[in-house]
Amino acid sequence: MENSRNEGERLTISSSNDTVPREEPNHEESVTNKSNATTNVEPNISAQIPSSSIEITENEVETVVEEESTFIEPAKIKRWVVQHYEKLPTWLRDNEFIITGHRPPLPSIRSCLKSIFSIHSETGNIWTHLLGCIAFFILAVWFLIEAKEGTNLQEKIIFSFFFAGAILCLGLSFAFHTFICHSPTASKIFSKLDYAGITTLIIGSFIPYIYYCFYCRLEPKIIYISMICIFGLAAIIVSMLDKFSEIAFRPVRAGVFLAMGLSGVLPAFHLMYTDGWDVLINEMSFIPLVIMALLYIFGALLYGFRIPEKYFPGRFDLWFQSHQLFHICVVCAAFTHYYGIHRLAHLRLLEGKC
Ligand SMILES: [Zn+2]
């Protein structure tokens, strides 16, 4: 893969506007500070270097991550300092209202993975979906292994669509935010996978909902499940196009996923027409569905309009920026939906067979 390097290789990273990693024959990895001067870190082999040091001041956030080892080889010392938005290369620029705290390009998988444990503008994005992914994985294992009475193989398969969608979405999002700073190629690939992941969550959320709502009605069940699968597939294809990941397409990106999510309105109207409002509310888990939809819409709007950092540039560089709030909305929406379909399945199974 482009820019992939062996662990023993060394880099010098320039913080000038045209930040492009380049290899240096003196085999030293270095980073620069915000004064725009290139700093080569001269490792003192005999010195005891703390395993991790993070300094945060009011005006500046600096993160230094160093290799944890009792015997520190020069080859293993890795340092980087968070960057100002203006110092980032074009491919790493996404939101001009997040002014400081950006990771520089880290063209090493290991450095990207280690950056998970340091404080920068992506830390909140990484951890919100990493923890969400772990939580859904545990929930899936518990649900699928912990066989309850009445939970047959078919029910498990239907719920597996939802769990797979949630785990894929949150896992790919975590990977995207971790490796976005690796290289332009990695940024592009993981960005596409991130959007594909959102689509899998939407498809995975609809399948069990439609399955249980139209439990004894084969035709609408097949039509609506096919519909969401076709929309989802179209969204994945659109996501894979290079054009779609450009900054200018931010509202379009939000709009496509919003439209796909809103396609759930159609089966809800169908149920309202055939079964009535009371059945929809009391037996079809309509309230959790509405809460889920509102959380997605709210999150997508924050993301699309970059609220709150747009109104307070620089104030939300590390925490509570729009993207993190969007992530939190996605996790909350997914848990709300799990509650909804779990309740729906429980009520449906109590009724017995068709
Ligand atoms: Zn994200």
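Cβ atoms here come from the backbone N, Cα and C positions, even for glycine.
Among the features that TrEMBL reports, region 'Disordered' is placed at 1-49. According to TrEMBL, the compositional bias 'Basic and acidic residues' annotation covers 1-10, 20-31. If you look up TrEMBL, you'll see 32-49 marked as compositional bias 'Polar residues'. Sequence annotations record features per position, and here TrEMBL assigns transmembrane segment to 126-145, 157-181, 193-211, 223-242, 254-273, 285-305, 325-341. Taken from TrEMBL, the feature Zn(2+) binding site applies to H177, H323, H327.
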Item to complete: Among the binding-site residues H177, H323, H327, point out the residue whose Cβ has the most other Cβ atoms within 10 Å, with all shown protein chains included in the count.
Response: H177
Worksheet item: Same-chain Cβ contacts of the transmembrane segment (285-305) under 8 Å, 6 or more residues past its ends?
Response: 205, 209, 250-251, 254, 257-258, 261-262, 264, 268, 322-323, 325-330, 332-334, 336-337, 339-341, 343-344
Worksheet item: Cβ pairs under 8 Å with the transmembrane segment (325-341): which stretch of 126-145, 223-242, 254-273 has the most?
Response: 126-145
Worksheet, complete the sentence: Taking the centre of the Cβ atoms of H177, H323, H327 as the Zn(2+) site, the remaining residues of that chain with Cβ inside 8 Å are E122, G124, N125, I126, T128, H129, S173, Q324, F326
